[in-house]
C-alpha cells in the first residue's frame, strides 16, 4: 500500500478541530465486515494514493453511520454526487462540496444540474469536477458502496493530504468556520504535565538552581476577579489571582456546528446545550450564579456584553452559562480622530446630557449601564420593566450623578488644567491660521499629565464619594485612568486591571438589602460583576466621550504609536492650514451635491475617502482613509461597497500576476527587505568577483509628492500596455488558508490567485503542488479550502474598472467632496503598485544605461544608485533634479544625498547633501558601507522615541508567555539575512549587527517588564526572565545558521553559540544596569554567566566580540526615551 504523507502539523490541526480524525482505510475497516480490504493487489497507483492521502474527520455531535449500512453500489458516481449536492442545498448547509451551487427560483432560472431537479451551478467547483470524473473515486465507490460514500460526503469532512506539508478540504463545513472545543468552554485538567518552553537554554546558566518547570507559571487557571482575602502573589503569566480553593473541573462539552443546537451527552452522563461561540466576560472565580442572585435580570449594555438565557433542559450548567459576557478590554482607538466643528463643548450625543437629572432619568441611566438598554434619543416610549430592589435603590445615587453632571463646568476645567505651555503673546500668534505659524500650533498639544488632571477633576465633580465606596477605590481608578491615557495607538486596558484591588464590600450601593456583614459567595461575585460593569462604563463611555468632546487625539510620524492630545480649538486651526496646503498641492475639482448624489447612486460607486492629517516634525502629513458612506439605503450601499472591494482585489491580483510574469515592468523597484537582500547580495558578489574593487559612487533621491504628481494620462498608458497587450482572459481562484503557529494559535487568511487559461492549474491537487514547488513556505503546515473559481474575467473589463477607479475617486474634506484630477488615488492597496509601475516604465526608458556595471534600486519613490562611473552618477542626479514632467517626477534636494562633490552651478545653484567618499550611506533604514558594500541597520529612527509606546504588547492573559513570544517574533523579523549573511558582511560586521539587535531587544524587554500587570516583579520569577534572555541568544544563533548554510559556525568555527550568548548578555547588562532597582536580582546571574562564557571562547573571538560591543558604536541608543 502507498505510504501516506506524514504532515504532522496538518493532522494536529485537524485533531484540534474535530472529535475524531481517521485515515480512510482505517475508518472503512472499522465499519465493514472482517477481512474486507479497501486496497487490493493490482489496484492502480492513483487509487492507492487517494486512499493513503484521505483523512476522515468526524464533527462534534455528528450523527453516526446508518445501522443498516450497505457496501453495494447502486448509482453512478455522477448521480451520487448530484444527489448529495441537492440534499445540501435543500438543507441550506454550509458545505465545501456545495460551493457554487444554489436552488433554482423565479429570479435565478436556468437549466438544472444533471441528475438534479432544482439545483443550478453559478460558479465552477473544481472539487465536484474532480469527484465526477476521477477514476480513483469511481473505484472507491465500487468498494464502499452508495450508503457509506453518501455518509462521508454529507456528514463528515474529508481532507486530501498534498505532500510535503499541506492538505485541502473536499467536503464538510469549512474549516475556518469550525471552532475548537477549547474555544467554547476552556477546562482545567486536574493535572497537567509541564513542558520545557521552546528556545529556553540554560547551558550557560549552570549556577542556577535546578529548574523543575518554569512553565507551571504559564498553566491556565480559572479566570477570577481579585477580591479581598485573596493573596496577591501571582505567577508571571497567570491570567488571574489564584483562588484559595481548588479549582473545580468541568467536563468539556461536545460542540456541534450548525444552526440548530442539540443537547449533547457528556462523559458524566449529564447534558447541556452548547453555546454557539465564546464571548469575553467578566473574569470570576466561579461562573454559575444561583437564582438568588437574579442573574436572568442582568445584561450589560451595547457592545459590553450580551444576554444568555439558561437552558431548561440542563440540570448542570456549564461553567460559562448565565455569566456576564463583558468585552474585556477598553481600547484607545475608541477616542482617536474625533470629528467636530472645532468648538470645545460636550458632543450632542453625550449620554448624560440627554437624561433629565431626576429619578426617571436616573432609572433610565441604571437600565442603560446595568440592564443592557440602549440610549433612546427620540421616538415613542417603550414599555418599561420593573426594576429589582437592588437597582431601584441605586436611583438616588445616579440621580446625584446626573445633577453633578448638569452643574459641572467642563469648559472651565479644561481651560484650567490644559493651559497652553507658552507665553500669551506666542499663543496669540500661534492661533493665527497662516502657514508660518504652523510650527507654533503643532507645539500646542496637551501633555498626558494635563489631560489626566482634566479628567480627574471632571470625575471628582461628577462621581460622588458614595459610588466610589472608599478613597482607596477612587485612587485605584485614577491610577488606571492615568495608565489608560498614557497608552499608545493600539493600547488596551483590561477589565482585570480595572478591578485589581478594588474593595467591593465598601460599596454599600451594591447591596440588595442593608445590614449584612456576611454574604454568600454567589452574592459577592454578583456585586463584583455589578461594580465591574459600572467601572467599565465609566472608563469606556464617560471618559472616552469626554476625550472625544474636547480633544482631537492622533499619532504622529516621528513618535511611533505615541498619542498627541490637541484641544479642539487648536486642531481646527491646524486642520484648516493642512486643507489649504493640500488643495494648493493637489489638483482637485469640487463636486456639486447633484454630482455627489449621482456618484453614490452608481452601482460601481467608489468609496468616499476621508482626509485626515497627522503631525510630522515640519508640518502635517495628509492621510486618506477609504471608508464607505452608507447614509440611506444602507444595505444597498453595503452591497455596492462589497462589490467594489471584490473588483479592486481582483484588479490588484491581476496586476501582481502580470508583474510576476514580466518582472522588467517594475524596473528597479523592490517591494521589501527580501527583494533588497536578493538584489544587493547578487550585486556584491558580482563586484567582489572582479580583479580590483572599483570606487563606488552613491546617489540617494526622494521624489516629492509622488502619488499626487503622476499624470493620470501617463498612468493609463502604462497600465494599458501592461494588461491590454494580449486581450487575455483571466481565471480568478479564491481560497482560504488555515494554519496553526508554534504557540497553538490558529490563523486563517483569505487569498486569491489570478492566472491566464494557459497557466491555470484546474484541480486542487495540481494547484497546491504547484504553489509548494514555487515557494516551499507558502502553504507549509496549512489546510486550503477553495471558495470559488471564475474563468471568464477579460482584461478589457478589468481595464475599464481601472479607468473607473482612477477617474472617479472622491475625497471628502470637511463637508465638501472633491474628485482627483491628477495623481493616484490613495488609501487603497493599488496605490503603491501603480506608483512602482509608473516609475518602472520611466527607468526602462531613461536610465537603462545608468545601471551598467552598477545597481539601481527604488523602494516606491526612494531611489538609490550605486555605480563605479562618476559621469553616470552625475547624469542620473542631474536628470532627477531637473525633473521628468512626463512622469511627474521631481526630487527633493533637501533629502538628496551623494558621496562625491557636485559643483553648485551644474544643478541650478542648489547642491545636495554631500557625505565623505568612504562612509556609511543611509537609505531606507539601512547603512551601506561605500567601500566594502557591507550592510548595517540604521537605528537613528528610534531617537527621541519611546519603545514602550511603539511596542504593542498584550499584557493580561498569560502575560509571561505573551512577552516571550512577542520578543521572539520581533527578533525573527530583525534577524534578516541582509545583516547576518557572511558572504555579504564580514564577521566583525555581523557581530556588530547581532549586538545591536540584542541591545534593542533589551530595550523591548524593559518596555514589556514595566507593563506587566498586577504588580509583577522580576524577583518573583527570576528563572523565567533569565530563560527569556537566554532564548534570545539561542533563537538568533539558530537563524544565523540558517542564513549561512554550509559555513562552519560551531565550536570549531568562526562564531560558536557561546559568542551569541556573550553578545546577548553584554547587551542586556548594558541596558538593565541603567535600571538596577528593578533588575538587581538579574544582574548578578548574568555577569556570572558571562564570565563562564569568557573561559570557553578563544581569545581571537573575544577580541571581535568586545570590539562589536564597543559603546562608541551604539550611541544611537542613548537617545531612546525608555
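The backbone N, Cα and C atoms fix where each Cβ goes, glycine too.
According to Swiss-Prot:
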REGION    1-239  region 'RNA-interacting domain 1'
REGION    58-205  region 'GQ motif'
REGION    213-296  region 'Disordered'
REGION    240-328  region 'Linker'
COMPBIAS  284-295  compositional bias 'Basic and acidic residues'
REGION    306-528  region 'Required for oligomerization'
REGION    329-540  region 'RNA-interacting domain 2'
REGION    381-511  region 'QFP motif'
REGION    402-422  region 'CP motif'
MOD_RES   447  phosphoserine
MOD_RES   697  phosphotyrosine
REGION    907-921  region 'Required for oligomerization'
REGION    923-927  region 'Primer grip sequence'
REGION    929-1122  region 'CTE'
Site of maximum Cβ density within 10 Å, from modified residues 447, 697: 697
Cα-to-Cα gap, residue 697 (phosphotyrosine) vs residue 447 (phosphoserine), nearest whole Å: 46
Per-residue pLDDT averaged over the region 'GQ motif' (58-205), given as an integer: 77
Residues in the region 'Required for oligomerization' (907-921) grouped by DSSP into helix, strand and remaining coil: 1 helix, 4 strand, 10 coil
